[in-house]
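See structure below.
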Amino acid sequence: MIIHNLGIKDYTEIWEQMKEFTAIRDSNSYDELWLLEHYPVYTQGQAGKPEHVLNPNSIKIVQSDRGGQVTYHGPGQLVAYVLMDIRRRNLGIRTLVAKLEEILISVLEHYRIPANIRSGAPGVYVGEKKIASIGLRVKNGCTYHGIALNVNMDLSPFLGINPCGFAKMEMTQMSHFHPNIQLEEVSQHLVQYFLTQFK
C-alpha cells in the first residue's frame, strides 16, 4: 500500500488522475491511498438527481462517476481516495464499505467522538448528523473514489444541497467537539487505522 499526501487539489484534476491510474494498473500494481483536500465543489454521484442541488450559488457542480448522490467537498475536509484491487484481495464492495466505516469510527473514537452507522445510508454519523461520506466506483475489480471526513471546515455549503439525497440531512464535523483539531493529525490517525485493516 502506497500512501500519497497531495495537499489541496482541484476535484476534476484528481478524478482524471484516478481514472488514468485505474485504467493502466495491472495485477502487480500496488494499491494506493491518496490523502488530500479539495477546493470547494459539489459532486453528483451516479444516482444523483438535479433536484437535490437546491442553491449552488457560485460553487462548481461536477457530475462524477462514483456511487451515491450529491455531496460537497471543501478545505478542512479530509478526503481519502482508495485505489485498491479488491478482486486480488477477495473483497466484495459491501465488505470494503463496512471496513471503511470501521476505520472512520476508529478515528472518531480516538478523539472520543461517539460515531455510528445507519442502515441503508452509507457513511458515518454522530447521533443523527452525518460526519463522513463514502462513495466508490469499481472498474475491472479495482476501486477509486473513497471517503470524506469533515474535520474543520465551513459546513454552510451543505445547506445548498440535500446531502447524499436526504432532505434536511444535518452535517457535523470534528471541530464541533475539538475546536483546535488539525487535519494533518487526523490524517495520520486515519492512515494508521487504514493500514491496520489493509496491509
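Every residue gets a Cβ built from N, Cα and C, even glycine.
Listed in Swiss-Prot for this protein:
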type     : residues                                                                                               : note
ACT_SITE : Cys164                                                                                                 : active site, acyl-thioester intermediate
BINDING  : Arg66, Gly67, Gly68, Gln69, Val70, Thr71, Tyr72, His73, Ser133, Ile134, Gly135, Gly146, Ile147, Ala148 : substrate binding site
DOMAIN   : 27-199                                                                                                 : domain 'BPL/LPL catalytic'
SITE     : Lys130                                                                                                 : site 'Lowers pKa of active site Cys'
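Structural mapping of features recorded in Swiss-Prot.
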{"residue": "Arg66", "record": "substrate binding site", "DSSP class": "coil"}
{"residue": "Tyr72", "record": "substrate binding site", "DSSP class": "strand"}
{"residue": "Lys130", "record": "site 'Lowers pKa of active site Cys'", "DSSP class": "strand"}
{"residue": "Gly135", "record": "substrate binding site", "DSSP class": "strand"}
{"residue": "Ile147", "record": "substrate binding site", "DSSP class": "strand"}
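The average pLDDT the prediction assigns to the domain 'BPL/LPL catalytic' (27-199) is 89.
With respect to their backbone Cα atoms, Arg66 (substrate binding site) and Lys130 (site 'Lowers pKa of active site Cys') stand 19 Å from each other. Tyr72 (substrate binding site) and Lys130 (site 'Lowers pKa of active site Cys') have their C-alpha atoms 12 Å apart, to the nearest angstrom. Put simply, the two farthest-apart Cα atoms among Arg66, Gly67, Gly68, Gln69, Val70, Thr71, Tyr72, His73, Ser133, Ile134, Gly135, Gly146, Ile147, Ala148, the recorded binders of substrate, are 15 Å from each other. Arg66 (substrate binding site) counts 23 other C-beta atoms within 10 Å of its own C-beta, drawing on all protein chains shown.
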